[in-house]
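Structure first, then comments.
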Amino acid sequence: MSYDEKHLMEGIYREKSGDKFIYYYFDNNEEVTTKDIERINKLRIPPAWTNVWVARDPNSPIQAIGTDSKGRKQYRYNEIHIQGAEKEKFKRLYDFIKSIPKLEKAMVRDNNFPFYNKNRVISLMLQMVRDYNMRVGKEVYARQNKSYGISSLRKKHVKISPGVITLNFKGKSGQRLNYTIRNDFYIDGIKMLMKLEGDRLFQYISTDEDGNEKIMRVNDRDLNKYIQENMGSEFTIKDFRTFGANLYFIQALLSETRKRTPKNRKTIKKNIANAFKSTARQLKHTGAVSKKSYVMNYTLELYQNNPEFFIEHKNDDPIDFLLRILKSYRKDVLGE
């Protein structure tokens, strides 16, 4: 097995005894408790598997690992983990990534509309969400907590300097956020929006049947409606942040793998920690938040237990590799 001694000591192994298996703890070679035997039996580990390792923690997402008769590494997963919220979120993420080209086609189309057209403003906002991983924000949070996202930004949050625009505002949990924008497309767009009356940044001009014009605000519902019309009814703007977190984590993990081959537990742990730090910087939160709420546990467990897979694909395109992992997740964990 490819795990170092420390990792092995955290688990359970088995030995053949007649026509059955006996399971032992690695750290003391004692037979496992009746409670652990009941859990292991529910995993239905095939008798033909060799090099079997079973998690000692009943809450571990990966409960057992072994090698099948064809030499392939196989897994058994925690049923509670499978049934949790992560199941639906990451099942949807694969389809979300596959649907991004449809959204991008719509945004290219709408970028050609007159500037203050509603869809053109929404297109600009979604491109910023994609590139800067901004939260959507809600007007109610802006009023109650003075916390903002892209749909609730005020003009007071914008600072225009030669060749650069800075957005500075309080985000979720009171965190101070600062975005430095040097892209001419975004700079030109924000400058145009600053010319409209009102304190809100993202607004558009609506014209009624009599030709009367009115300045309207773009809200989070408008953004979600645009996404659902152009990508699919199951998606929301929050999927962008899930996508961004997992893509950045994959990019960072592959980069760390190229720097340091994960051949032992210490290197694996360091590479994962650095990848979480890098992801947190991109999303402007902490590594703990990335791990708890955004990054797929399946990727983490896969890197810990099968680093050879990442070594083999360390030069892959990150999006293609993320799709490969998501496809594997849907097959291995969700049984699709």
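Heads up, the Cβ atoms here are built off N, Cα and C, so glycines get one too.
A quick note: this is a predicted structure, and the numbers were derived from the prediction, not measured.
In Swiss-Prot this protein carries:
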type	residues	note
DOMAIN	79-336	domain 'Topo IB-type catalytic'
ACT_SITE	Tyr294	active site, O-(3'-phospho-DNA)-tyrosine intermediate
> Tell me which residues of the chain lie with their Cβ under 8 angstroms from that of Tyr294 (active site, O-(3'-phospho-DNA)-tyrosine intermediate), as long as they are six or more apart in sequence?
Replying inline: Arg241, Thr242, Ala245, Asn246, Phe249, Thr279, Leu283
> Do you know the mean pLDDT across the domain 'Topo IB-type catalytic' (79-336)?
Replying inline: 93
